[in-house]
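**Student:** Okay, handing you the structure first.
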């Protein structure tokens with residue numbers, strides 16, 4: 001029994017370290033992007049490799065900051081176009097200006113949370 005619990009604890013620790021590394025790499029990519037886009041893209045690739053190896057989910061705040069197709073770090077207004085659309089379901093459209101890939105993220109959940117906050 002003790003081995004099983006220690007293994008779980010070890011896996012939890014590995015995932016925690018992986019998430020910290022992903023966060024550090026994306027913060028570095030954010031800082032470096034202004035003067036070296038290639039290095040920022042490399043940091044994103046390394047973060048994706050860490051995420052895959054550790055089998056952890058990418059945090060939401062970073063998931064939307066890289067292109068799913070070309071893995072480049074996205075900065076709105078520089079190499080990404082961000083638009084809000086209302087057709088059918090309200091969503092955010094992010095277009096990568098490096099490869100032309102379009103990503104859509106619904107924001108219905110955020111709207112519902114705001115409505116609940118207003119009612120209370």
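All positions are counted from 1 along the displayed chain.
From the backbone N, Cα and C atoms, a Cβ is placed for every residue, glycine too.
Pulled these features from Swiss-Prot for this protein:
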- 67, 70, 96, 99: Zn(2+) binding site (BINDING)
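On this model, are these features tucked inside or out on the surface, and what's nearby?
**Tutor:** Classification of residue 70 (Zn(2+) binding site) by DSSP places it in coil, neither helical nor stranded. The Cβ of residue 70 (Zn(2+) binding site) lies under 8 Å from the Cβ of 96, 98, 99, 101, each of which sits 6+ residues away along the same chain.
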**Student:** Using Cβ atoms only, which residues of the same chain lie under 8 Å from residue 67 (Zn(2+) binding site) while being at least 6 residues apart in sequence?
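**Tutor:** Result: 74, 80, 96, 98, 99, 101, 103.
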**Student:** Which has the fewest other Cβ atoms within 10 Å: 96, 99, the binding-site residues listed?
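**Tutor:** Across 96, 99, these binding-site residues, the one with fewest Cβ atoms within 10 Å is 99.
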